[in-house]
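Heads up, the thing below is written out as structure tokens.
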Amino acid sequence: MSNHAIRDGGRLSAWRAAWVIARRDFTAILFSRSFIFFLLGPLFPVVVMGLAGGVGAQVQSEASVADVGIAMQTQDVDAMLAAHSELAMQVPGSVPPMVALKRLAPGETFDARSVLEEGEGSLAAIVTGTLDAPVLTATEGRVARWQGTIGLIAAHAADQQTRIYPPVGTEIVGTSGAAENSGRLRTAQGGQVLLFLLIMLLASMVLSNLVEEKGNKIIEVLAAAIPMDAVFMGKLFAMLGVSVVGIAVWGSTGAAILYAGGQSLSDFANPGVGWPMFFVLFALYFAMGYLLLGSIFLAVGSLAATVREVQTLSMPATMFQILVFFFASLAVTDRGGVIEYTAMAFPLSSPFAMVARAAAEESLWPHLLALGWQALWVAIFIKGGASLFRRRVMQSGPRGAKKRSLFQRLGRATG
Amino acid sequence: MDMATSDFSPAHNMTRPLAIEARGLVKRFDNTLAVDGVDISIPEGAIYGILGPNGAGKTTTIRMLLGIIDPDEGYRRVLGSDNPQDVARRLGYLPEERGLYPSMKSYEAIAFMGALRGVPLPEGRARAKVLLENHGLGHAIDKQIRQLSKGMAQTVQLLGTLVHEPKLVVFDEPFSGLDAINQGKLEVLIRGLADKGTTVIFSTHVIAHAERLCEGIAIIAGGKVPFAGRVDEARDRIPAQVRLETRNSDGPWRAAMPQDARRVGDFWNFPLPESGVEPLLKALIEGEAGILSLSIERAGLHDAFVAIAGEAAARDMVTQAPGEPA
């Protein structure tokens, strides 16, 4: 007997007890047949979305406006555009779209960096200089990708017979302005949607798990042996563990689809905090969002006596969470405004708002603050849910709550 | 406890420390008084029964004693601790509503219940296999709970209650759902636990089990404890029953008969008068009853229970305010 884990011959510590519950739930779910369907379920829409996305991407690439702007003297601009058109026909898809940004007078200079950083639309790079010495200003990734292509176009524009490529000067910018912002906005929205779908899926699963527990009538055995908080925590963390397995499978599949499609993360707008940190924060906000909603669903489960009642009660909770999601989505468009700050402060919308912020902003300290704030609310929700459960469920006999209607119980619980 | 005449109080058990001591336990659910001032004292190593009709408050009392729910008033001390949860490692509990995970194997279910009480999983598995073998369920070790009969599953849960070798075991209606053979086995198991010094408390509304097993009982009716004490004390709460057969059907002796005497066939049945057997015999003889047979039987626990619980229920009905939930 490992006496160190047992306080003075007494009960297990809350964490140890939660571990016992989590371990059982985790293995029970993982080795159940239904887990295969849990894993496969989201893959069907992903495959459909992947196929639809492939078609959409093709359409978008056909319809997209120029990405590379040219700011050279008039004759050089015309020569570049002509060479671009010719090469685009010879090697379609290999040269980026190109537009004349400004035709410069002799001696006139052009500040490509500031135009890019403050620019509009999808302008991603600017070519300045001359045909013999073009200068490409863009983000590091795009410079690496387009430097050779610009040299080829410039060489072609200078002399169609030439086999000597001019050296392409480069100037790296940290951002491409509005184009980057627009990309980040898409990343933020995508992150929010993914977060919402994952959380809703898992929160409803944890609810089903609790209802099953009540159906098995084992809950009283648990309540007699360990603190109810530990039961709640164990159940929540077991499902979190299951979700980690699920996300690993889904993430690997998604990465495989991206790889097969010849895409990489560098093709998407770089989140404010960078991709690695964005993934870390996404995982943390997913955990917090799930724990918050999961604890609410567990509390809902404690009020319900039957599966039908669970469905009745969880519907308003689900609808409320959808409203919260919409609110957080609205916050994306109000960066630095009252809505964004409110969404970040309200516990249930905070994970969504902060994921969006991770996509849009570089600073990390607000995330530390938000994670601490959310963790506090997770603790409050779990404590409240456990207390509600203990008060509402552990009644027996004809005098107990079982004989009262659902609405009477709701009234009592909230009153 | 205003209504109890005696209990397993420390005065009764000077040499035995108390496993459970509860005073004035009150529990309300919303506006309903489920338990109203329960006092119980149970010495270590005793087999103790909590008797009462359905809905009397037995389960709520047990839940308060085990710390599953907290009382609104009163206090309880379990194995020397004011907070039963702090001695959970030494408690075993079989709830009335049995529950196990259907997909778990028998030995895993027992080991899991041990893990909840601090037994490491590998050790719990080893203990579970021994327990199952010892209780004739060796063939079911690797079977899932859903594959077992109801009685077997109930035995598995019972063994899960004992896997951590608790000092105090509480069974809520342990005999319900068991056939006669398994009820007998359970009685043997309970006696065996007590022989090892384990305190066993069980609730039941089948009085025969309590009469055979218990050293002490508490009768709960209407959320109150009208009696707590030794089984023989409960039996003494109602007078012994006289069974009389006479040669003469009428005569002066009839004046000696109590008013509530009932004639069933050739026999008269009535409670022994408070004055005792000697004045009764004298009156019958002098009144020329022609006594053919006369027996005096001490009341059984069943009769005592019905009388005590029935009185309490009747008192409840009288004192209950109009509109108050029953």
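Cβ coordinates are placed from backbone N, Cα and C, and glycine is handled just like the others.
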Stated TrEMBL location of transmembrane segment, expressed as one of A:10-28, A:67-85, A:371-389: A:371-389
Most Cβ pairs under 8 Å with the transmembrane segment (A:193-211), selected from A:236-261, A:273-301, A:371-389: A:273-301
Beyond the flanks of the transmembrane segment (A:371-389) by 6 or more, those residues with Cβ under 8 Å of it: 227-229, 231-233, 236, 284-285, 288-289, 291-292, 295-296, 298-299, 302-303, 345, 347, 350-351, 413
Remote residues contacting the transmembrane segment (A:236-261) - C-beta distance under 8 A, at least 6 residues beyond either end: 18, 21-26, 29-30, 35, 38-39, 42-43, 46-47, 50, 54, 198, 202, 205-206, 209, 283, 286-287, 290-291, 294-295, 298, 382
